[in-house]
Amino acid sequence: MSRIESLTRARIDRSRELASKTREKEKMKEAKDARYTNGHLFTTISVSGMTMCYACNKSITAKEALICPTCNVTIHNRCKDTLANCTKVKQKQQKAALLKNNTALQSVSLRSKTTIRERPSSAIYPSDSFRQSLLGSRRGRSSLSLAKSVSTTNIAGHFNDESPLGLRRILSQSTDSLNMRNRTLSVESLIDEAEVIYSELMSDFEMDEKDFAADSWSLAVDSSFLQQHKKEVMKQQDVIYELIQTELHHVRTLKIMTRLFRTGMLEELHLEPGVVQGLFPCVDELSDIHTRFLSQLLERRRQALCPGSTRNFVIHRLGDLLISQFSGPSAEQMCKTYSEFCSRHSKALKLYKELYARDKRFQQFIRKVTRPAVLKRHGVQECILLVTQRITKYPLLISRILQHSHGIEEERQDLTTALGLVKELLSNVDEGIYQLEKGARLQEIYNRMDPRAQTPVPGKGPFGREELLRRKLIHDGCLLWKTATGRFKDVLVLLMTDVLVFLQEKDQKYIFPTLDKPSVVSLQNLIVRDIANQEKGMFLISAAPPEMYEVHTASRDDRSTWIRVIQQSVRTCPSREDFPLIETEDEAYLRRIKMELQQKDRALVELLREKVGLFAEMTHFQAEEDGGSGMALPTLPRGLFRSESLESPRGERLLQDAIREVEGLKDLLVGPGVELLLTPREPALPLEPDSGGNTSPGVTANGEARTFNGSIELCRADSDSSQRDRNGNQLRSPQEEALQRLVNLYGLLHGLQAAVAQQDTLMEARFPEGPERREKLCRANSRDGEAGRAGAAPVAPEKQATELALLQRQHALLQEELRRCRRLGEERATEAGSLEARLRESEQARALLEREAEEARRQLAALGQTEPLPAEAPWARRPVDPRRRSLPAGDALYLSFNPPQPSRGTDRLDLPVTTRSVHRNFEDRERQELGSPEERLQDSSDPDTGSEEEGSSRLSPPHSPRDFTRMQDIPEETESRDGEAVASES
């Protein structure tokens, strides 16, 4: 029985093992079948975050990534059922079916007596009607899209394995041709549509693109024309050709961004305008700037074309165009637009990648637009990068043009000036990018701050997050702040215009740390020092309030950077008069008004500059109409209306230049020997008729008559227009000289008007700050005039009149300041008089108290003579006069009087009576009159006084300390009534 049981038990165990193995095999098979979907053999892999799913075009994480090693398709785990059949497996199945079909056909031909051609087609292929019913109409097939292609397995899946092989082959060939035809038509339609859009886009520059299709100028012109020029000219023209060609390509890139991408996103995809603006910031402004510049370059090329040729040209002058492009309003507009575009470059690329990853329609649009070969290298990312890099190409091109320019010195000077302007523009763009990035960072920090976060500033009030937006962010970073307990706190330090701000992150929001030291440190007189024994630590020593902060950086280089930027900010820190630490609402309102005034001044200066330019054009046009053809346009003095710069002309210098121009114009019109007798107070002089009956307003030194309109002199000078100087250069004609001086005079007078307007605004803005500030301002404004007078020649009468007017203006300002000082002195005198009156009242009260004290002493002496009191009696030390306890003593009243201290910055008040001397005299007098306590006790031992007091009130000494304490607690009114009774009895 034991053997049977053991065999049975072994059989049962073996059956269990076989069952478990079978279950494991089934599970493995199910897992394998689960991965084997539509011919794909998927395996799990680990991918990066930027890998896209082939089915849904979304990013794949590491946990749900599957890959088919046969066709190299990477998809989500959830997208494997939506994927089409594996292409490699499909090709293998088609090959196997084709080979099997061929072998079957061969076997059939061997068994049959007739050939395949002789047999009916129905023996191998189905009938046409059956084929038509299976395949469906062509109209239904044409509706199939490229994305949803039909597979052979789906169509032939209704037939069993016994179906004819020819039928399956026909179905496979028909569906493959259908998919291929639809795919070809779709791609061709997309390419045609994109090419049509691009051709319409570049229709404006079609001829120009043909002219600049060659790689260089040497290949664009004729060979015979090329051989006529030297090697340096060829190199120069090659660089100029490259400048125009690259500018044309840049304009094409901007047109693609505006008309192709942006218009399509707005009209076809219906994206939000804010999203599209984030992708292409400032493209309209950039397109206008470079289109205008390209038009000027192409016009210069057309002017340089050789007669009878459309290809051969040599451009000799280009510096004037470059100067006009990279200076003035054009340079300011370029600086502003490129700064904004480049600062938002990274955000635009990030936004584009997000849209491309999550929006399938956006992907299809980008693929459709970039189908043509021309646009394959001009995607959205490539266009943004090309626009960013364009401004850096100008210095290289201009320097190469300057390197190969020899012969025309004026052209070299213009090119040198243009190169300097371009480099200055690049530095301004870099600074603008830095400021915009820091502004965006400051706005980000402001948005993350707790709205209720405030920190107290000693003597200033609470410092809130609104104060951050008033300032500019210079540098920021995370540091370690060592507290008084020796612990380190992670803080975000903001280096701003005039302060250092410490912030701490709490619950994903920034707050001011609540530590033992203020969180806002002023940069005024701030000292920064590195810690000697540590590579990452530094001390920040503040003057107001006196505190020392110990902070640590992440590395030694970071510490050096922090020390450098803090020291630079301390040197450029504004004063508290110009930039208060905490601004109230009234101060903010006044600051906004001042800013508006400055904007109005700038607008006025710009209008005056345009007015002077229009006047120059008008005078030039009138001179050409009068017969002065070929006359050059008068030039305006550069920098005339740049009143905000340090090198700007002051009002006095402008006035002197205007007077000098008037003198030159007078010498040109009436001759150097004529003195103008007209004065500002005499508008005109009577004209004296000469012998011929003509009037002559002026007479020369030798008595020769001249006219003021200059017709005689100018006509005479026109006949001698071929005059030359000592170097043989052609001199300007008197008419051109008069025109130039007239334009200069007009511009100088309007520049003087602009300078006076700005100076008045500045003076009114600085008026509440006191006379010292205004005196410094007036001194700074007149510094240029004083420097000009120091090295000037003897002053002319007109200049003396000008100086007299300026002195009168200054005298009026001084008189106004004197009246203000007098009013202030009167106010202070009134205040001193009130203080003297209060002092006299206190002296009178003191004298009254002294008289009362003297009377009380006499009464006490009289009482002491009547009835002496024992010296050890406690009530003998009671004050003599009860009223003295209810009234303030003279010295206490005097010491309690605190006169108001003079305010800071004002003069001290010299009072006629010295407090210390009066107090000292009063103490000496009281000491002499009252004497020592022993003398007072001796004086009080008068038997008469004691008898009177005994007869009136019959007081007895206390029998215990409790009675003595109770006697001391007698109210003041009772004591005063007793004192009055005693006084009445006495």
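The backbone N, Cα and C atoms fix where each Cβ goes, glycine too.
Note that this is a predicted model, so its numbers are computed, not measured.
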SER691, SER721 - residue that Swiss-Prot labels as phosphoserine: SER691
Where Swiss-Prot places phosphoserine when the choices are SER121, SER145, SER287, SER711: SER711
Candidate annotated as phosphoserine in Swiss-Prot, where the set is SER648, SER733: SER648
Three-class DSSP secondary structure - LYS353 (N6-acetyllysine): helix
Summary of DSSP states over the domain 'PH' (472-571), given as helix, strand and coil counts: 16 helix, 49 strand, 35 coil
Neighbour tally for LYS353 (N6-acetyllysine), based on other Cβ positions within 10 Å of its Cβ: 13
Average model confidence [pLDDT] within the domain 'PH' (472-571): 91
